[in-house]
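These notes are about the structure you will find just below.
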Amino acid sequence: MLGRILGGIATSLLFSAFESWLVAEHFKRNFDQQWLSLTFSKAIFFGNGLVAIISGLFGNLLVDTFSLGPVSPFDAAACFLAVGMAIILSSWSENYGDPSENKDLLAQFKGAAVAIASDEKIALLGAIQSLFEGSMYTFVFLWTPALSPNDEDIPHGFIFATFMLASMLGSSIASRLLARNSPKVESYMQIVFVISSASLMLPIVTSFLVAPLKLKGGGISFSGCLQVLGFCTFEACVGIFWPSIMKMRSQYVPEEARSTIMNFFRIPLNMFVCIVLYNVDAFPITVMFGMCSIFLFVASILQRRLSAIADKPKTEDRAMMKDKDAEGEPLNVM
């Protein structure tokens with residue numbers, strides 16, 4: 001329990017402090033705005049992709065080849081975390097922000113709540129993030145029982161590495177999309193959410209179309225192979241999601257409250273995951289996947305709304321320019 005409490009603190013820092021530090025440092029050094037998108041894409045490609053693949057294979061090596069037991073990957077992770085801590089302490093400069101604007105914890109959360117309530121774009125972004133990440137974390141707990149309903153012997157480490165390879169492919173696609181002016185991130189993310197919703201519907205479809213096996217044990221089934229393809233598609237969408245949501249947060253979330261607002265969004269996310277996992281035995285696994293699919297489809301609807309709001313000021317500006325042009329045109333007098 002103590003480990004999970006510390007893990008929760010570490011996760012909140014991981015998904016807020018690093019991104020906030022990067023955005024602030026990026027603008028502090030007057031770097032090109034476009035470089036930020038490329039940095040996010042490379043971070044997901046190498047961090048969430050390549051390193052995760054190596055970690056999955058290394059964990060599989062410790063458990064299967066060296067027979068060190070299922071706890072050995074966690075012990076190895078502690079060693080790598082210690083190395084990361086030493087690198088950060090020795091080589092990273094701290095960003096303390098403006099000392100005159102230091103606020104207590106309650107004031108920070110109050111300011112974040114006001115910012116979310118006063119700006120629909122921030123509220124929509126938070127809802128989209130919570131829906132997608134909630135479905136993603138639920139998927140993390142569901143994919144293993146989904147692929148081995150009859151205690152099939154499946155290579156967890158290699159399947160995880162395959163998922164991370166798909167995530168790398170997605171982040172590579174995102175880097176190319178973000179480098180272009182069209183399509184805009186608000187537009188193509190609608191399609192990404194729809195595809196991710198359809199991919200998590202595959203376990204439901206296979207349960208109806210493919211006859212379940214009654215034999216215990218054995219290798220992965222044909223239904224499991226089909227689901228792996230769908231899950232890889234979902235992981236590719238995850239790879240596109242991370243740099244894209246980071247890009248949108250850098251555009252819409254104010255810098256002075258970025259970390260607090262990002263952690264504010266994690267409150268409903270963690271509540272959602274806890275409720276789902278607490279009731280995981282009360283519903284069939286297909287129902288859980290169906291619920292995640294619905295949430296992802298709702299995220300696509302909210303993303304469409306965000307895209308419409310983001311384009312609205314530009315449309316109004318163009319309309320005003322046309323009005324000014326019309327007023328400046330000389331009248332034709334016959």
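Cβ coordinates are placed from backbone N, Cα and C, and glycine is handled just like the others.
Keep in mind that this is a model prediction, so the values were computed, not measured.
Listed as Cβ neighbours of the transmembrane segment (40-62) (distance under 8 Å, sequence separation of 6 or more from its ends, same chain) are residues 68, 72-73, 76-77, 155-158, 160-161, 164-165, 167-168, 171-172, 174-175, 178, 239, 242-243, 246-247. Annotated transmembrane segment per TrEMBL: 40-62 (among others), in sequence order.
According to TrEMBL, the feature transmembrane segment maps to 74-92 (among others).
Summarising the annotation, TrEMBL assigns transmembrane segment to 158-179 (among others). Remote same-chain partners of the transmembrane segment (158-179), defined as residues 6 or more beyond its termini with a Cβ less than 8 Å from a stretch Cβ, comprise 34, 37-38, 40-42, 44-45, 48-50, 52-53, 56-57, 60, 147, 185, 188, 228, 231-233, 235-244, 247.
Look at TrEMBL and you will find 191-213 (among others) tagged as transmembrane segment.
Annotation comment: TrEMBL describes 219-242 (among others) as transmembrane segment.
Annotated transmembrane segment per TrEMBL: 263-279 (among others), in sequence order.
Residues annotated as transmembrane segment in TrEMBL: 285-302 (among others). Away from its own ends, the transmembrane segment (285-302) comes close to residues 124, 127-128, 131-132, 134-135, 138-139, 142, 145-146, 149, 190-191, 193-194, 196-198, 200-201, 203-204, 207, 276 of its chain (Cβ-Cβ under 8 Å, at least six residues beyond either end).
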Spatial neighbours of the transmembrane segment (219-242) far in sequence, C-beta under 8 Å, 6+ residues away: 40, 44-45, 48-49, 132, 136, 139, 143, 146-148, 150, 152-154, 159, 162-164, 166-174, 177, 189, 192-193, 195-196, 199-203, 206-207, 210, 212-213
Positions whose Cβ lies under 8 angstroms from the transmembrane segment (191-213), at least six residues beyond its ends: 128, 132, 135, 139, 146, 149-150, 221-223, 226-227, 229-231, 233-234, 237-238, 240-241, 244, 285-286, 289-290, 292-294, 296-297, 299-300, 303
